[in-house]
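The domain 'Protein kinase' annotation in TrEMBL covers 1-236. The ATP binding site annotation in TrEMBL covers 14, 63, 64, 65, 112, 113, 126. Residues annotated as active site, proton acceptor in TrEMBL: 108. Summarising the annotation, TrEMBL assigns SUMO2 cross-link to 110.
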């Protein structure tokens, strides 16, 4: 956290060591993250104000998200209420509609990449795997539990990968675990490709929420519920706070 005295504005500094970036061969990812995130302006996307560097480190100047990591909040609560989950999912859908309109696919939507702002609003925080695109891509990236079938099978993918990941996230918000989790990676891959989707009896989740998730987690990417239709889904309309801010 850093206080910029001239503007009395608090920002966050993300410090990255050049040696680690080179060792992990992710310099190109960092350049992509800076290039993409610095041009995005949306209330549910963390601002990247700029960067500077010295001999050993790179410093990213970021918007400060006062309420911290969503992942830790989810761990603490175990799972979220339907109102909270719907508010977050709607906020992310709006942010992704904005990104896709700018030809940006995120490709790594998951709790660890989301932060909570001072008012309780959700912020997409990490664009390391995202890509500017005008066509379909084949690269496998993102987190195993959140990978869509087309990426597991290494076939071409497009912006609909973000719809799949948002469906997985919605499930994890409501049940506390991702839908295709398994002990072995190979079993997770198999469950994803087969869309082996099961809804546990506990916690109790409404049929409307299950319907939305089922429409997002579809193997044929062209048949997934479009994000603008997601915002019109009865479960979102009935549960999401229109302000985009969850009020306990």
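Keep in mind that glycine also has a Cβ here, set from the backbone N, Cα and C atoms.
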Worksheet item: So, in DSSP terms, is residue 14 (ATP binding site) helix, strand, or coil?
Response: strand
Discussion item. What's the number of neighbouring CB atoms sitting within 10 A of the CB on residue 63 (ATP binding site)?
Written reply: 18
Response to the item:
the residue listed as 'active site, proton acceptor' has its Cβ surrounded, within 10 angstroms, by a count of other Cβ atoms equal to 21
Worksheet item: Given the recorded positions 14, 110, which one has the fewest other C-beta atoms within 10 angstroms of its C-beta?
Response: 14
Fill in: Surrounding CB atoms that lie within 10 Å of the CB of residue 113 (ATP binding site), all protein chains
24
Response to the item:
Going by C-beta under 8 A and a gap of 6 or more residues, the same-chain neighbours of residue 126 (ATP binding site) are 33, 108, 112, 113
Worksheet entry | residue 112 (ATP binding site) - helix vs strand vs coil (DSSP) | helix
Worksheet item: By the DSSP assignment reduced to helix, strand and coil, which category contains residue 63 (ATP binding site)?
Response: strand
Item to complete: Sorry to bug you, but what's the C-alpha spacing from residue 110 (SUMO2 cross-link) to residue 14 (ATP binding site), rounded to the closest Å?
Response: 19
Worksheet entry | Spatial separation of residue 63 (ATP binding site) from residue 110 (SUMO2 cross-link) - C-alpha basis, Å | 19
Worksheet item: If you measure every Cα to Cα distance among 14, 63, 64, 65, 112, 113, 126, the residues said to bind ATP, what is the biggest one in Å?
Response: 17
Worksheet entry | Confidence summary (mean pLDDT) of the domain 'Protein kinase' (1-236) | 87
